[in-house]
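For reference, TrEMBL has these:
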{"type": "ACT_SITE", "residues": "A:GLU307", "note": "active site, proton donor"}
{"type": "ACT_SITE", "residues": "A:ASP381", "note": "active site, proton acceptor"}
{"type": "ACT_SITE", "residues": "A:GLU409", "note": "active site, proton acceptor"}
{"type": "DOMAIN", "residues": "A:25-146", "note": "domain 'Alpha glucuronidase N-terminal'"}
{"type": "DOMAIN", "residues": "A:150-469", "note": "domain 'Glycosyl hydrolase family 67 catalytic'"}
{"type": "DOMAIN", "residues": "A:470-695", "note": "domain 'Glycosyl hydrolase family 67 C-terminal'"}
{"type": "SIGNAL", "residues": "A:1-19", "note": "signal peptide"}
Number of protein chains: 2
Amino acid sequence: MTSLRFVFLFLLISFSASAQKDYKLWLQYNSVTNSAVASEYKNNLKGIVVLGNSETIKIAEKELKTGFLDMLGSIPEIKQNIEGENNLIVGSQLDLSTEIKSELKADFEKINNEGFIIKSISLQKKKQIVISGKNDIAVLYGVFNFLRILQTNKSVKNLNIVDSPKTNIRILNHWDNLDRTVERGYAGFSLWNWQKLPDFIDQRYIDYARANASIGINGTVLTNVNANALILTPQYLEKVEALANVFRPYGIKVYLTARFSAPIEIGNLKTADPKDPEVINWWKTKSAEIYKRIPDFGGFLVKANSEGQPGPQNYGRNHVDGANMLADAVAPFGGVIMWRAFVYSEHDANDRAKQAYAEFQPYDGKFKENVIVQVKNGAIDFQPREPFHPLFGAMPKTPLMMEFQITQEYLGFSTHLVFLPKLFQEVLESDTHQKGKGSTVAKVVDGTLYQNKLTGIAGVANIGNDLNWTGHPFAQANWYGFGRLAWNPYLDSEIIAEEWLRSTFSNDENFIKPVKNIMIESREAVVNYMTPLGLHHIMDTGHHYGPGPWVSNLSRPEWNPTYYHKADKNGIGFDRSKSGTNAVSQYAPEVAKLFDNLETCPEKDLLWFHHVSWDYKLKNGQTLWNGLALKYQEGVNQVREMQNVWNKAEKYVDSERFNEVKMLLEIQLKEAKWWRDACLLYFQQFSGKELPAGVEKSTQTLEYFKSLKFPFAPGNG
Amino acid sequence: MTSLRFVFLFLLISFSASAQKDYKLWLQYNSVTNSAVASEYKNNLKGIVVLGNSETIKIAEKELKTGFLDMLGSIPEIKQNIEGENNLIVGSQLDLSTEIKSELKADFEKINNEGFIIKSISLQKKKQIVISGKNDIAVLYGVFNFLRILQTNKSVKNLNIVDSPKTNIRILNHWDNLDRTVERGYAGFSLWNWQKLPDFIDQRYIDYARANASIGINGTVLTNVNANALILTPQYLEKVEALANVFRPYGIKVYLTARFSAPIEIGNLKTADPKDPEVINWWKTKSAEIYKRIPDFGGFLVKANSEGQPGPQNYGRNHVDGANMLADAVAPFGGVIMWRAFVYSEHDANDRAKQAYAEFQPYDGKFKENVIVQVKNGAIDFQPREPFHPLFGAMPKTPLMMEFQITQEYLGFSTHLVFLPKLFQEVLESDTHQKGKGSTVAKVVDGTLYQNKLTGIAGVANIGNDLNWTGHPFAQANWYGFGRLAWNPYLDSEIIAEEWLRSTFSNDENFIKPVKNIMIESREAVVNYMTPLGLHHIMDTGHHYGPGPWVSNLSRPEWNPTYYHKADKNGIGFDRSKSGTNAVSQYAPEVAKLFDNLETCPEKDLLWFHHVSWDYKLKNGQTLWNGLALKYQEGVNQVREMQNVWNKAEKYVDSERFNEVKMLLEIQLKEAKWWRDACLLYFQQFSGKELPAGVEKSTQTLEYFKSLKFPFAPGNG
């Protein structure tokens, strides 16, 4: 057998190690090479007792076996009953013996339905470890968490973990079209092979579910928010049902986007007016049809009256009318409506940043119980940095769901290493002051600030059919980190980075420390080389690839970068202070005051809120122009440092992933320079000033940068 | 180490065995489990001596090491010099010792530049095996061929293989667009990630090159014949260059499609007239620019004045003018022009099947030396069965290149198991009689019939970014088989099937025999359940998915299925006899006579050439209607038999590929029934007859089948 084994091992390395390793995400289950740690694991884990026999429990058992075999080279004895000591006992509360249940009584009181317990206990004076929860899905979460302990080489002695997810809906939003193109997708095309569904179940569906379950994601919206009504026809629902069947044992519910005009397009009605009885009935019947196929269908995500999508306003109704009508349709089946607050109108001359708040805040308290309003993290659109969205904390009677973007629409596509949990954390930690100091966005999102029952976090997926799922090996960390933060919005992004690195690459401290550092720095790097000091939305238009601060010819003013930076001879920045659009007034008074005052406004948000003179003195004593230029240069320098660190990581990483990241960092450096040079040459026209010392000069002209065209940049929606 | 190895082995099976095994194509290098065979290999292969150090030779050496390690568990000693006996000596003629060269003198005289020698020789009374050729690429071909001997468990005693490819250009045509959609692609999307090129070299590019080299494919057209001029701009040529650099050491030349109107679209000229001096100069300059980047650039493939593509006729010129102008542009660099003969006009009321011949045959002898005319295997368009194209043999002074379609546009996409080499062989074996009996299509294609110097076979690729490259595990066999037939158009498809099965799955005879049988039968099965007895082009329109014999509303008459089957109360079939369109007259007299006479016309081509009464008596005594119905039923039965055989193959195949094929056969059965039922219900309207005994009745109505719509069927061009 040995030679046979060796055969496979070698192939792994010689032919498609990349496919293999990249594909496995953070579930590498690398062999535990630290012998002390391995011994501890073997000594404390002599047997496995699995209670229950649902599909979910079988998945948990298989996962444990895989994990043990891969990490320790052997599987502890599988026992039918608890005999001897040092057993791992795995099962839901219902399946536990009375003795264990009473042992864990206090712990069970602490967890919710999805929470789990991992605990070292003594049963008849024998040491055992129990993994349990109130149902089998919770047990599966516990198993993945336990395996993570092994993956990160932590001790299994005296375990006492009692953990519950802090939000109800932890969900990926796939902006996937029925033709398998993905809007803002940079990792190939959609995973969902509609042509071969329902009869062909791609192995990837299973591996996708497994990866999500391992980080606690419990929902997936299969289709683009710019929706196609055909997904709601029997022809497609049969396919959706097949996916739901695959995902169910992994605790993942399927959701769909509902095109508001579907009653017209596929229902042969003349209207989609949410007050029309036929329309109301159509959605009720359609919902019943869906729930008949998929009894645990999650519900609908809706983008209405936004960027050309139809909605209730087409009929003189408002968002509340639309959302509540749909909410009534799914309520009998326990479904929810996730209604997006991402609205702005080309007919509204008001600052785009103010429009969602202006539209939605007055609706507070008017939505049905099973509606949750999905709000992007910032008021514009997933920029490298935005101040938190003013709606957070401003609608106490309405559940608000966070919408993060995992796919890097505005952050370098899948060629830039940018660790997004750092961005997510910054938003979640922001203090809205809406209910006094400490009213953080996280508390709004997890419902603790206003005691909302329905809570959730959505992430626009960065997943495609690339061999490595996400295009960039490090973009896997953003999927991972999103899931971890959706489970617990208070987690520190450094901890997430470290968990991910250990599970994905290596437990070697000489690798972890420097590479973790570049991950943590990477978000600030992209801000620096793209949009420092509060600049935003100066990407080239449509595809959003590369710099385009000069673009000013689009029909909708708020799609033009010039709308956002407002550079002129006097300075640069969007005046949202009281003397400007007064967008600051949408925040709580303490926050509004902070942002409104040029002196107290954080410099990272300076040009978001203020139009500032080129000669304005920054806190470090530099003029704004010099400071801006130095920030751009700093971004480039940070990428160079990322390269230095990565080059030293070669010995800890397989050669293919090492080379992939190396090539990608080369592209990132090239594009960071492109951003720096194009933006500084463009803004220099207004500032009329020389570049300060330390800032490298462009080798190309502004005209060259303006001439670049990318008609086939991916993900253009 | 053992436990570590075991870790990897298990992961392979537990997490993504499918990804891994499917991805590896026919280069599985499975362990040789027959111990007698393994011993023979080990005894006869004690050392390896590699001569030369080009990139290609290094690839050959690495391949040998991988193959030995995987198949035998160890690598023979790598030696610097030939010491002892039973060495494998690998190197090109130039690098061989005088003694070996003289030993192989006669063999070297037999091979061409790409041919190889694998020979057991005696050197100073010591047994050795030599793999050689006139250059390093030929050596690489020899190495892959040698590894195939091991993969198929054949003896390595007394080797004496002297083999050369019979055609010059063995090339894949990728109908890949710059947005990564693939026209007629059913295996995901384009491999070419233009966004990340040139700086990011996806591992798949390397694995693609390796797979092609292993079967002797030496060219690839990267872009769709429905071409985009942007591929010829520096922005894209830089990316093409990067791919060419990857492919070069594998012996693969890069070609591009040339959009005829490129001088206007990207050259700022007012015309693309091939006689215009500015246009002529533009193409010369463009060619020089390309060859500066890619000195071994292969040349251009052109679809002109066909299905809306621009061409010389837009300027009152003809195909010769267009092709020769481009030929002059690439001639100084050794490039070739592959000019497609696939033309038909909506303004020509003539039988579509006659138009390519009518247009091109008169041009015989008028093309420049470096032009090769690329002709589809049949006169219509890649149907499940077509008589050979009448141009073959009819242009003695013009090199004609075969164009096969590997992607299954009209043969069930990537969900139907159809082994295409059987189809290819049928075409290649067809006797054109143009230079007397035995003037087979193969002899036209390999140039031996008319002593053409330039020869080639093109295959429209079925490759995409699916994990398994081709969508269906068995579709890999069509890529493989195409390559083998391009190398040697006289190879028997059964031998190809067996080679492929052994290399891809197992050498177990109990597996090989039945599964080979279903592969061989599979092509006739698809003909039976789609288009028996010479029917053709009755697929639903646009996407060509499923039956659509009723479609008659398209603007171009020859795009309507009704144009092709002409069913009416009197009978069915397209009368191409002398009393009809006289398409038969385009063949040599012997062939024309055969096809023209209802009595001698092969029944497999009956309705291609004749409009036949429903009561016509077939050779088996059945009426045409009954015979047709029974053929449809036979197709369905054949798929059931494929299922029976496959279900018994479970123990020889990994579970994931087993299940994939099982699910796909289920779809194939469902669709075979759909074809049978829809076509018979439709034709029954005309025949007015009952189904004969043995033919299952449809459970759906014709109206139901007509109502089916597939707006997102893949590959729609």
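Numbers here mean position along the shown chain, with the first residue as 1.
Cβ from N, Cα, C; glycine included.
Neighbour counts of Cβ atoms within 10 Å were compared for the active-site residues A:GLU307, A:ASP381, A:GLU409, and the top value is held by A:GLU409.
For the recorded site, A:ASP381 (active site, proton acceptor), the DSSP three-state label reads coil.
Taking CA atoms as the reference points, A:GLU409 (active site, proton acceptor) and A:ASP381 (active site, proton acceptor) are 10 Å apart.
A separation of roughly 12 Å, to the nearest angstrom, links the Cα atoms of A:ASP381 (active site, proton acceptor) and A:GLU307 (active site, proton donor).
The residues of the domain 'Alpha glucuronidase N-terminal' (A:25-146), classed with DSSP into helix (H, G, I), strand (E, B) and coil, number 54 helix, 27 strand, 41 coil.
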